[in-house]
Amino acid sequence: MSGAPARTPGKAAGAVSRAYGRLLAALALAGCAVLFAMMLVIVADVFLRNVAVPGLPRGLAWSNEVSELMLYFTTVLVAPWLLRQGQHIRVDILLQALPKRLAWSLEWVGDVIGLTCCLFIAWYGARAAWASYADGALSIKTLVTPEWWSLAPLPIVFVLLAIEMVFRMQRLWHAERGPRQDAVSAA
Amino acid sequence: MTGWVAAAWLMLGGSTLLLLIGMPVALTFITVNIIGAWLYMGGEPGLMQLARSSVSSVTAFSLTPIPLFVLMGEVLFHTGLALKVIEGIERLIRRIPGRLAVVAVVAGTVFSAISGSTIATTAMLGSLLLPVMLARGYHPQLATGPIMAIGAVDMLIPPSALTVLLGSLSGISISKLLIGGVVPGLILSVAFVAWIVASVKLRPQLAPAVEDAPTHTGWERWRPFFLYVLPTLSIFGVVVGALTLGWATPTECAALGAFATLVLAAAYRALRWDALVKALKGTAAISGMILFIILGATTFAQILSFSGASNGLVQLITGQGWSTEMIVAGMMAMLIFLGIFVDQVSMMMITLPIFMPIVQALAIDPIWFGVMFLICMQLGLLLPPHGLLLMTMRGVAPPSVTMLHIFKAVAPYVFMSLLLLAAVFWLPGIATWLPAWMG
Amino acid sequence: QETTLRLVSAFAENGIYAQRLQEWVKKVNAEGKGVLQINFIGGPKAIPTFEVGNAVKTGVVDMAMSTGAFYTNVMPEADFLKLTEVPIAQQRKNGAFDAINKVWNEKANMQYLGRMVENQPFHIYTNKKVDKPDLSGQKIRITPVYRDFFQALGANVVTTAPGEVYTALERGVVDGYGWPIGGIFDLNWQEKTKYRIDPGFYDAEVSLIMNLPAYRRLTPAQRDFLNKQVLALEAQNDFWEKYKAEETARQEKAGIQAIKFDAAASKAFRDKAYEVAWAGAEKQSPEVAKRFKPLFAPAAK
Ligand code: NA
Ligand code: NA
């Protein structure tokens, strides 16, 4: 490859980044567990609705609202890990067509905008969660839960995403001058 | 420039620009949302509303089948059950030109009925069947083409994660869409087999001249079919049965299907801990990307609507005096064009806020429209330069298979899919008959 | 001086509620030139149904048409409005309207402008015949509005998305559901429904709410104009009495049989519905529930 050679990151910075990567992987694994539990909750609801088991209720009336919450938790638990893996899909048709050095510069533009965007959502998501907490807002369904329980994970995850964005930029700095090889689709 | 025109330029133009510089799709939408919420939803309260609406976009029971359908395919793949199914089918198919390519299409159709993930199906066939085909002297074009093509068909045949997403975002009945994909999917499978046979007859050099086809007879020939293929297909039976007997709603059936797949894998003693974790991780990755885009992009559609841009565009398009057929054809052309460079989830996110009000305003049959939408997305999976399944194939194929092989290999199947799209356009019954018959 | 208010609907745009709302907006805009204009932004496609309350509270929109059950996350008291047993005109006279507004002002930063749907009782629709008010052994699809009541009647409650109720009824995933007297034809549920249990209970409330600071920013002339228009809208609420009769007849024609109890059982059924709901209300917000209860109750004869 042409262009400036890749630079090796400092030892300490590399260690911090790897440790953070392990944290994100652990969160993703937790996301997998939540996903599995979501399946079990729905199956249990269907089973109990159709088969009378002495001592157990006829169906879990809260299964829909709990499983949709679990879907949301899975989404946010996995998101920062996907960013680390370069698996948040994107369009790279232009980047692949442009001169490598220019593509590399555009990666920077995207990262800076992405970082800003994560910080914005973290801040306003936190304020939305805080306002809900301060008002004592409740989510009143079959189960009554404080509304901030579902609002708070969003800003936390966007803080994690913002931190990963910084590591992502660090990796870009040390990488070859060219576009990244991130995922481009999912189905 | 009136208000909505500026909003349309900002939201649609801005997101296109950010997409092109390679920002992750989800962050692209969120960035434009932040600007849109600030401008059109009253500054800071609008931004807080944006965060709240993002949470509610994925806290949706109707979306739970997305990871569950993907999980079914991943379990099949990582537990090795897929290999047994391929073996079972392989023993049955003998003395047909391009035998293993036909096996790939048949096995792929069987997988499609159990897997809700096109990637899983393509990866299964690509990693299990492709090396065998190449070793036996199949031309790379004949070896890779059918696998990618049938992988894309997975999206049409239920279960399908993308169909669930299309239904959920468009408001078209999810179960009818799932059923609506069956006939077009099967038509493609049959067409693929016919094409393989015909092309090998015309160009015998594509496949090995003499093939040591399995010579099992009697029970030995049928054993793996009854032992593996039928039980695996019974998962489909569990899902349909639970629905027909009134045990579960269509959405809940996805959980039953995933659970049944795990139980079957356990029954074959194939559900080792590491296989389960791999399957769950694969599921989390694929569905995580889809769901995170939904988190960013649902709000995009809301702001587009809030700013008046959706209504403005819809009125602009419906007010031109174009015929309904022209508008539908135009929408399909736009989808195929988008499919060349945008992923399937973004295709839906960008177009549905505009397309669905048009569908309603012109009283277009939503099932017909939805199935054609699915075929366009399926095409997008196969279109060069970087349709998802071309990349997936690139990832699992040995280095001797070049990207040019892959492009050439997929071309006839892309053409067949286009023919199918035209057929559904002129004969809507292909898409609407089965859902209507099943109620 | 002219102001434009931004209005959203928590109900889908093609439904009867939003249609009547849009007719009203047209009239307001025609008569309010130079004073007040309303910009109808749209339905749940613009703001998700369960976020409409918060959007009004924080001023993301100025006005909304919603039912209280959609914004219990703003304050649990929102759902109490289904328990009114006197017409809105009466509520304005007996102090209920002011009492509601006091709570809406203080707890939700909202002005309660007026009620545009009345006389639309909820009913239990089922495919399993009953001869007394007892749902034991039946799987009934619920929303939070009547969950407590159905459980008190012994039902196994099930939650499903509105889009899946039809299939759920067809396949017997659920035996029945709760819904107002009007609207089941919009969803084609009549095809899979055999019985309706009479009498109805509660009142499907749909009201106009407004962000309080936005309301206070209006000039006296604008505020008078708005209130006059809301009163004119309320004056048309006898439409709903007619609509109820039409929908009842239409259900009968579609083959839905009414299950009726004797007078005593009917009264006990209705009393139980209100008793259960008020008990729930008193648990959630004792002080407000106590204030509302006598004002919502039918005047003694
Ligand atoms: Na359920
Ligand atoms: Na499939």
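All positions are counted from 1 along the displayed chain.
Cβ from N, Cα, C; glycine included.
As given in TrEMBL:
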- B:7-40: transmembrane segment (TRANSMEM)
- B:16-430: domain 'TRAP C4-dicarboxylate transport system permease DctM subunit' (DOMAIN)
- B:60-79: transmembrane segment (TRANSMEM)
- B:100-125: transmembrane segment (TRANSMEM)
- B:145-165: transmembrane segment (TRANSMEM)
- B:177-198: transmembrane segment (TRANSMEM)
- B:225-246: transmembrane segment (TRANSMEM)
- B:253-271: transmembrane segment (TRANSMEM)
- B:283-306: transmembrane segment (TRANSMEM)
- B:327-355: transmembrane segment (TRANSMEM)
- B:367-389: transmembrane segment (TRANSMEM)
- B:410-434: transmembrane segment (TRANSMEM)
- Query: Is it the case that the transmembrane segment (B:327-355) and the transmembrane segment (B:100-125) have 3 or more CB pairs under 8 Å, with pairs at least 6 apart in sequence?
  - Reply: no
Here the stretch out of B:7-40, B:100-125, B:145-165, B:177-198 with the most C-beta pairs under 8 Å to the transmembrane segment (B:367-389) is B:145-165
Contact set of the transmembrane segment (B:410-434) with the rest of its chain, CB cutoff 8 A exclusive, min separation 6+ beyond the ends, reads 144-146, 148-149, 152, 179-180, 182-184, 187-188, 191-192, 195, 199, 328-329, 332, 365, 367-368, 371-372, 375-376, 378-379, 382-384, 387, 390
Self-check item: In contact by Cβ distance (the transmembrane segment (B:283-306), the transmembrane segment (B:7-40); 3 or more pairs under 8 Å)
Solution: yes
The recorded stretch from B:60-79, B:100-125, B:145-165, B:283-306 sharing the largest number of CB pairs under 8 A with the transmembrane segment (B:225-246) is B:100-125
Long-range Cβ contacts under 8 Å made by the transmembrane segment (B:145-165), restricted to residues 6 or more beyond its ends, are 62-63, 65-67, 69-70, 72-73, 101-102, 104-105, 108-109, 111-119, 121-122, 125-126, 129-130, 174, 177-179, 181-182, 184-186, 188-189, 192, 196, 239, 254, 257, 286-287, 290, 294, 344-345, 348, 374-375, 377-379, 381-382, 389-390, 392-393, 406, 409-410, 412-413, 416-417
Sequence-distant contacts of the transmembrane segment (B:283-306), meaning Cβ under 8 Å and at least 6 residues beyond its ends, amount to 7-8, 11-12, 15, 25-30, 32-33, 36-37, 40-41, 50, 53-55, 57-58, 63, 66-67, 70-71, 74, 117, 119-120, 161, 165, 169, 345-346, 349, 352-353
Long-range Cβ contacts under 8 Å made by the transmembrane segment (B:60-79), restricted to residues 6 or more beyond its ends, are 85, 111, 114-117, 119-121, 123-124, 154, 159-161, 164-165, 167-168, 174, 232, 235, 251, 253-255, 257-258, 261-262, 265, 268, 270-272, 275-276, 278-280, 282-284, 286-287, 290-291, 294
Rounded mean pLDDT within the domain 'TRAP C4-dicarboxylate transport system permease DctM subunit' (B:16-430) lands at 89
